[in-house]
Amino acid sequence: MTIAIIQFGGSNCDLDVLHVLKDVVGVDAELVWYKEHDLDRFEGAVIPGGFSYGDYLRAGAIASRTPIMDSVKKMADEGKPVMGICNGFQILTESGLLNGALATNMYPKFRCEGTYLRVETTDSPFTSAFKEGEVIRVPIAHMEGNFYADEKTLSNMEDEKLVAFRYVDKDGHVTDEVNPNGSQENIAGILNGKRNVMGLMPHPERASESILGSDDGVRMFQSMVEYINNR
Amino acid sequence: MLPENDLKIITEEMGREPNLVEQGCFLNLWSEHCSYRSSAPLLKTFTTVGDRVIIGPGDDAAIIRFGDGWVLAIGMESHNHPSYVDPYNGSATGVGGIVRDIISMGARPIALMDPLYFGPLDTPKNLYLFEHIVEGIAGYGNCIGVPVVGGEAYFDETYSGNPLVNVVCVGLAREENIVTACAQKAGSKLVLVGSTTGRDGLGGASFASRDLSEAAEAEDRPSIQIGDPFTEKLLIEATLETIGTGHVLSCRDLGAAGLAGASSEMASKGDLGMRLIADKVILRESGMTPYEIMISESQERILFEVAPENVDEVLDIAKKYDLHASMIGELTERLYYTVEFEGEVVADMPVKLLTEGAPTFERPSTAPQERDIGDKPELPADLKQAVLDILSSHNIASKDWIYRQYDHEVQIRTVDKPGSDAAVLRIADGKGLAMSCGCNPGHTLLDPYEGGKGTLVENSMNLAVKGAQGIALVDCLNFGNPERPDIYWQFKQAILGLGDAARDLSIPVVGGNVSLYNESGEYGTAIVPTPSIGLIGITDDIETVPGSFFAGEGSSVILVGSTFDELGGSEYYNIKGLRSNGRAPKVREDAPNIVDSIINIIRSGNVVAAHDVSAGGLAAALAEMCNEIGANIDISDVSEDLRPDDVLFSESHARAILVTSEKDKVVEMLGDIPYSVIGNVGGEDLHIKGREFDISLSMKEIAEARSSLTKLMME
């Protein structure tokens, strides 16, 4: 089993994800430069964080229109797990693989800090190793993480339990004070309708080893690997 | 144009008067910025060698041995004047420039630090500069994926009209992958990779010749470079991939003085000449003259020396990353720097004359007259308020509004994050890199020699509390106009102080940058002496690095080092408007022993928290250690002769607070080193008493005071 890590010009968390998958989780993973088109040999994909194309037009907008994204869509259609982290989340919403959009943070500056997340569903290839309602620590680092969806989409997402993570305080309460970017309903990560595509603004690869302050994030990758193994 | 004397020297050496293109090259390469004309003799006094130094000053960056085949590349730069004119782009391109210095050595940039100096935030202009300089660093550093892991922000009137933006960058490489800027072989081809070359940043190193540039409409262009971090990120990957092929014989990034600077210095270092074909440079706009092509400071460009048979492979890597690249010339046996354009030779200069011919000299320096040190102010009636005032001073307050904007965790190495005394990054096999930067301008203003020494001692202590020994330092020497004897005296004294401390602590000075003429016509001020440094060290075991906050209820709190009546230059005096009162703290002979002792004790694993005592004194240090638990402190025995405000606010050097549950072991390890056990960890407040006072600060009061800068910016 090999997981693809999609590399665009400007991706900058690609090597971090590679390290966590290979050295911490212990699974095969490979960097795939965006000019490649065929992803058939991979069982899953991670679109890492960074600034694809410098975020010059709009975060994720240019990357979402590259041919490799057609291959990522194909993977998703085939039921393979696809995780987009930070800029990867932005690319997934821009390409229509996930609902909603990520606007500029309410306080319009880049924000890099630790956050607490509440696991909202364990019914997904990325969250099965958690307990529902569990509070975990995973840091954020972004300027455009303010999740927005229209009312109907949002209520549908809530009904189908497509919200994966919310920003909470350390006791698990959703409050405005701990919402770092103004996201609706403190949403930090979401799933698609088929639940095999997840996008999240926090960086699980930065919380996968205790020396870095938290290893809660590694369970997202472990969940993904277990899902692939059981397919 | 060229100063008359320079023109005379060049004409004599060349046997003819240089033409206008040649004059332009000399003007830029012989500038203070490129040739260190009035600083070179002083910089020579630094000790630049050491066991771990593989490459010292003179290349794009220094190379320091880390161990197990790993080496570190380190460099430091200023981007002061551009950041005043265009704060966002000025600071952004400052980051870009130093990062290219690191990659051109073959190292992957793994960390940045930014010491920043601003005017007080009570005017719209200073606020604007502060906000956008920080944003420029964030915008560039975040995009290229290099974490800003440390820095400092200091505020003083004299930086109004001339803020300082200094940047330290550290890279990591395997020793066998290191390349230098020393050209290797006549016949090798030169390949220029990266952005196109345009008219931005024309003559940034000197001032572009109006006569030459007028025809080319250059005067309508700002001489500020515009950063393109996306291209820089591609250039990082392309450069490292290209160097990884083993085909790069030498390499230099294009910085000050553009192509002329980078290429001639490469040739000169290798005792070779060079033939460049200016038409081959890929241009951003039409109608550029050869002069403009040679000195353009367009960003995100790098020059490789490659054997002829490998040129195509190098061009292919550039193509993979969608970068521009072209072969623009070759190295020659003939020791001339020759530029051709449209089939004609437009410049033909002896290469050594261009790169090393500028006369260097010491300028006259005059010590200032004996200063009236003024009277000591009365002991404040409300010492608690005095502590809170210091904590909320922007120089002492939390800088989280700044570093929250920097992606300080990308590359997942950051074990100790910004806000700590030193950043700690994991490197390999449990070993870590500790980094600290900055200086104390309040001290250097009163005494540039002692302030220069103190700068290194303080940074060394920042590393020591992480269990790390300093292994190399880089400097960024920011001063006013060196033609003024009083300024040149400051410059000289600070260099001598820094150099002496470096020898005392056995830390080589491996590189840096000089930024002179930091004066403001608008305010009629020269900056206070600002000899900022970046210091790196190694910690053997990242698992044992203690935290910075009080921890372990009941643990002992030990103040190591001696506290003297040294309030001169302190933040306590600064906020009282007594900046010129008193004498700056002196660095005493036992400072290196104290630093060593702290390192040994931390490495023994007996310390749960440790913090350097510096700006704001003991009171600020104790308050900064309060996070979830407080402490009960009694300073009665620290010194019998001192007033409470001396003990609380003095900024005497070589002091640290250690928190330990193994008091006896730590005390035994301290041996002859002066120390006082000043209390225990516990409670919800910081309770400090002395012989004549007793104060208590709640966590909330401390947090409130320390958040002054963040509040100001977010309101």
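Cβ atoms here come from the backbone N, Cα and C positions, even for glycine.
Annotations in TrEMBL come from automatic prediction, not curation.
As annotated by TrEMBL, domain 'Phosphoribosylformylglycinamidine synthase linker' applies to B:3-36. The active site annotation in TrEMBL covers B:His33. Residues or ranges marked as ATP binding site in TrEMBL: B:Tyr36, B:Asp475, B:Gly512. The domain 'PurM-like N-terminal' annotation in TrEMBL covers B:58-172, B:419-538. The Mg(2+) 1 binding site annotation in TrEMBL covers B:Glu77, B:Asn513. Residues annotated as substrate binding site in TrEMBL: B:Ser78, B:His79, B:Asn80, B:His81, B:Arg100, B:Gln225, B:Glu297, B:Ser298, B:Gln299, B:Ser515. Positions annotated as active site, proton acceptor by TrEMBL: B:His79. The feature Mg(2+) 2 binding site is assigned by TrEMBL to B:Asp101, B:Asp253. The domain 'PurM-like C-terminal' annotation in TrEMBL covers B:185-337, B:553-685.
Counted over residue pairs 6 or more apart, the CB atoms of the domain 'PurM-like N-terminal' (B:419-538) and the domain 'PurM-like C-terminal' (B:553-685) come under 8 Å in at least three pairs, which marks the two as touching. A separation of roughly 15 Å, to the nearest angstrom, links the Cα atoms of B:Arg100 (substrate binding site) and B:Asn513 (Mg(2+) 1 binding site). Under the criterion of 3 or more C-beta pairs below 8 Å, with sequence separation of 6 or more, the domain 'Phosphoribosylformylglycinamidine synthase linker' (B:3-36) and the domain 'PurM-like C-terminal' (B:185-337) qualify as touching.
Other C-beta atoms found within 10 angstroms of the C-beta of B:Asp101 (Mg(2+) 2 binding site) number 26, with every protein chain shown included. Cα proximity to B:Gly512 (ATP binding site) (within 10 Å) is found for the following recorded positions from B:Glu77, B:His79, B:Asp101: B:Glu77. B:Ser78 (substrate binding site) sits 7 Å from B:Asn513 (Mg(2+) 1 binding site), taking the C-alpha atoms as the reference points. Sitting within 8 Å of the Cβ centre of B:Tyr36, B:Asp475, B:Gly512, and not among those site residues for ATP, are the Cβ atoms of B:Ser39, B:Leu43, B:Pro57, B:Met76, B:Val474, B:Cys476, B:Leu477, B:Val509, B:Gly511, B:Asn513, B:Val514. With DSSP classes pooled into helix, strand and coil, the tally for the domain 'PurM-like C-terminal' (B:553-685) is 40 helix, 26 strand, 67 coil. Of the recorded residues, B:Tyr36 (ATP binding site) and the residue listed as 'active site, proton acceptor' place their C-alpha atoms 16 Å from one another.
Sequence-distant neighbours of B:Asp253 (Mg(2+) 2 binding site) (same chain, 6+ apart, CB under 8 A from its CB) are B:Asp60, B:Gly97, B:Arg100, B:Asp101, B:Ile103, B:Ser104, B:Ala262, B:Arg301, B:Ile302, B:Leu303.
Within the set of recorded positions B:His33, B:Glu77, B:Asp475, the entry lying nearest in space to B:Gln299 (substrate binding site) is B:Glu77 (CA atoms). A helical conformation is recorded for B:Asn80 (substrate binding site) in the three-state DSSP classification.
Regional average pLDDT for the domain 'PurM-like N-terminal' (B:419-538) in the model is 96. The ATP-binding residues named in the record, B:Tyr36, B:Asp475, B:Gly512, extend over a maximum Cα to Cα distance of 14 Å. DSSP gives B:Gln299 (substrate binding site) a coil state; it is part of no helix or strand. Least packed by the Cβ count within 10 Å, out of the binding-site residues B:Asn80, B:Gln299, is B:Asn80.
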